[in-house]
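Student: Structure provided below as structure tokens; questions to follow.
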Amino acid sequence: MNIKYMFCLVYFVCYGIRLIASSHCETIKIEICKGIGYNETLMPNLVGHEMQSDVDLTLQTFSPLISYGCSAQLNFFLCSAYLPMCTIKVNSVIGPCRSLCEAVRARCHPVLSSFGFSWPNSLDCNRFPRDNMEGSMCMEGPGETSTISEVPNKVQPLQSSCKYLYKAHLYVRLIRNNRCTPLCEAEILFDTHEKHIAWLWIGSWSIAAILISIIALLCLILSDSKRDKNLLPLVVSHCLIGVSWIIRILAGRNNTSCGYDMQFPGISLLLSDGLSTSPCSCTFLLRYYFGMSALIWITILCFRWNLNLRCYVKETQNSELVHNTFLQICAYGIPAIQTIISLVIRLVDADELLGTCYVGNQSDRALLSLIAIPMLIFWTIGCGYLLSGYLTLKSYSNLKLPAHLNGMGAFLLLYNTLTALVLLSLFYIFGNRENWINLIDNINQNQQLKAPLWLHISHPFLELLAGVLSSAWAIGPKLRFGFCQATKTKQQIYKTPASVQCQHNPFHSASYQTICPPNSVVSNSSIISMNLVTKSSFVRKNHSYHINPHSHGRRSRGSYRTPSIQSANLTANETIL
């Protein structure tokens, strides 16, 4: 009797364990895997995914291969591998058999190889059971219903959704952002020679810009002038922009602009939506943040120039210090907000031509909203201040500005002219990029519109040129002052002294001194008028001062009598005691 109860207890325990195990099974929610013979799975799966949403993202990458129809068992094999069957009758999940995997790989791997893709490591056939046995159960699949005699040499691209693009075979579509991304070494708009020429040009200017900006930065830091301190933030911004290009030189092209995606393992892609590498992150953050900061600082300098001009014209006190805190918040806060937006929306992408990470290299929306429009706003405000100051100056026709106001106005006008050229190039690229990248109907691909090389390097080149201009403007007054000082010193050394009249004070703290060098003449009236004669001083050569013998101690100025003769002269041998 006791043995019977024990068997019943063991049965209920086993049944409870199966119920607990079955409670972990979850219904299949992915459309492509519904109706394949079972409807429940267990996560994590055989590949390591923990959620069905991750599985759905992975299975979508195989949709072009499924549409191509390389194997009738491909759909079932993928679902059984990524969503294995879960049932209360078996304690473990049931995946595909090795024979099923090898049959699918034999038919589909040649298709993948024709496009340069390898068989995924997660679907390695050696990781699946060889046969369906009691200890290791697996599914053999429904069997082939169609055969493909051979894989054609030229098949439709797996990136069928990118077929509207020029040279679509050099793109892959990423499911996670639904964007067509070019391969790392793809020559879509520019060939290798054009890329080499563009990088030599920009690389040379970047080295020149960083060197001159470092010199200007040291000059401004050591200077005590307030005008130099106003120019310091602008030079610092351009110096850090130059640092971003130096990082690009040291890291190299592929290490900066290329990376890998989980969807296509082993294939190097041009970065399109994030900061996958450290050089890419550094170049983007330094160039974009401080580039926008430099534009705001130019706008602030235009405002300060306008304010100083009005204060000079109206002869009022400058109230510039009242706005300093607010202006600094704008100069550092607005670019920070723009940078955060770029990172959150994942609009950081790499440039095919120069191999740098920035905003708007592959996205027209990012080019317009995060570069062109903010730059246009800052440029318009700065030019408005310059125009207002010019109109104020025109109302005073005979007014001549000080050298520092006149020079700063010329510098700001030249800088804003460079910014205007950058804006023209950006809006031209925005309006014509689709014609360069997308296929145009009814024409041959060999006649596709060519993107101009000079236009795509105009933005970085003018950006570096503006930095060189700012640094040169900061160094220029220092060099001019040093040259003038050297010239003046040289003239003083080689100048022959002539007969110069004695014009310095004839009286000294010493009690005895010769008044003038030989042959010099000075009027006695000019000596007496200084009222510096002490109570015991007198002049030789028959002209003496009368001293009151009854006066003691401190005497008033009236107690000293001046001689009646005002024209007494002193020669070279006459001294004052």
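Each residue, glycine too, has its Cβ placed from N, Cα and C.
What you are looking at is a predicted structure, and each value in this text was computed from that prediction instead of being measured.
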Student: Can you sort out which of C70, C79, C125, C138 is the disulfide partner TrEMBL gives for C97?
Tutor: C138
Student: So C86 is in a disulfide according to TrEMBL. Which of these is its partner: C14, C25, C33?
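Tutor: Among C14, C25, C33, the cysteine that TrEMBL links to C86 by a disulfide bond is C25.
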Student: If you follow TrEMBL, the disulfide involving C125 connects it to which of the following: C101, C108?
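Tutor: Checking TrEMBL, the candidate bonded to C125 through a disulfide is C101.
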Student: C33 pairs with which of C70, C79, C108, C162 in a disulfide, per TrEMBL?
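Tutor: Its disulfide partner, as TrEMBL records it, is C79.
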Student: At a 10 Å cut-off from the C-beta of C25 (disulfide bond), count the other C-beta atoms across all protein chains.
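Tutor: The answer is 17 other Cβ atoms.
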Student: Can you tell me the CA-to-CA distance separating C97 (disulfide bond) and C79 (disulfide bond), as a whole number of Å?
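Tutor: With distance taken Cα to Cα, C79 (disulfide bond) is 13 Å from C97 (disulfide bond).
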Student: Mind telling me which of the disulfide-bonded residues C125, C138 has the densest Cβ neighbourhood, counting other Cβ atoms within 10 Å?
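Tutor: Ranked by Cβ atoms within 10 Å, first place goes to C138.
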Student: With pairs closer than 6 in sequence left out, are the transmembrane segment (405-431) and the transmembrane segment (231-251) joined by 3 or more CB pairs under 8 Å?
Tutor: no
Student: Same chain only, please: residues at least 6 beyond the ends of the transmembrane segment (198-222) with a C-beta under 8 Å from a C-beta of the stretch. Say none if there are none.
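Tutor: Tertiary neighbours of the transmembrane segment (198-222) are 190, 228-229, 231-232, 235-236, 238-239, 241-243, 245-246, 248-249, 253, 353-355, 453, 456-457, 460-461, 464-465, 467-468, 470-472, 474-475, 478.
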